[in-house]
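TrEMBL lists 9-29, 76-97, 109-130, 161-181, 193-211, 223-247 with the feature transmembrane segment. Here TrEMBL flags 66-133, 170-246 as domain 'Potassium channel'.
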Amino acid sequence: MRQQNLRTIFLTICCLSYLLVGAAIFSALEYDADQKRRSMLVELQARLTRKYNITSTDLKSWEFFLVAKANLKANLYQWSFAGSVYFATTVITTIGYGHTVPRTPRGKIFCMIYAAVGIPLALTMFQSIGERFNTFLACMFRRLKRKLGMKATDVSSTTNLVVVCGLLAMVITVSSGAFIFTHYEKWDYFHSLYYCFITVTTIGFGDYVALQDSKDERYSNKYVGISLLFIFFGLTIVGSVMNQLALRLLTASQTKE
């Protein structure tokens, strides 16, 4: 038990360290090119305004198109360190919103290498944490039954209880996260709930992505931290549920045989 706990802690430290180092490298590789594109955008905007006498309404429509399609004016610069941490998280967790992509050849090469190493590391970490979480729940159920003087049940019964608790924790996590993103992103609750579910299941369509509003000053390192914490905690809960469901199905299939 102690050895498994130490293994989980070691994997978590390795994964977080890998995430931060990767973010720093992504930022170093992509930041200058990102700034250059932004400068070109500002220069082009000024030139078009002077040359064609574009009205403010037309200019705002043009800016809206760029924000929606090119995402060049996001308030959180995509390749600042905070933005790079967010991007690296979506890479190793396989969420892959598609809101930010490396544009330089060096960045693309590094992204492939980084993902090849980081994805197995992250999956192993989430599996290990999920397994520890399930073991903790199973142990708590056994102790509770002993204290209440209840008859000991078989392993499958305990597994079912753990699965139910895991599903309940997943529902609570997604529902609570939706309230957070409703507050910060000003989405309605339904779309915040949709974003949270798509995120923690790593579907990552990219139609709703946090930290992308270019005209809002709400965003801070605190909110970036909250967003990352939600992703990691949510994926851990989902991982533990999937782990138990797989174990339950395997046990059921072996029993039939």
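All residue numbers here begin at 1 and follow the chain in the order shown.
In case you wondered, yes, glycine gets a Cβ from its N, Cα and C as well.
Just so you know, TrEMBL annotations never went through curation; they're auto-generated.
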Range from 9-29, 193-211, 223-247 with most C-beta pairs under 8 A to the transmembrane segment (76-97): 9-29
Beyond the flanks of the transmembrane segment (193-211) by at least 6 residues, Cβ under 8 Å: 74, 76, 83, 86, 90, 93-99, 170, 173-175, 177-178, 181, 184-185, 187, 219, 223-224, 227, 230-231, 234-235, 237-238
Within the domain 'Potassium channel' (170-246), residues counted as helix, strand or coil by DSSP: 54 helix, 0 strand, 23 coil
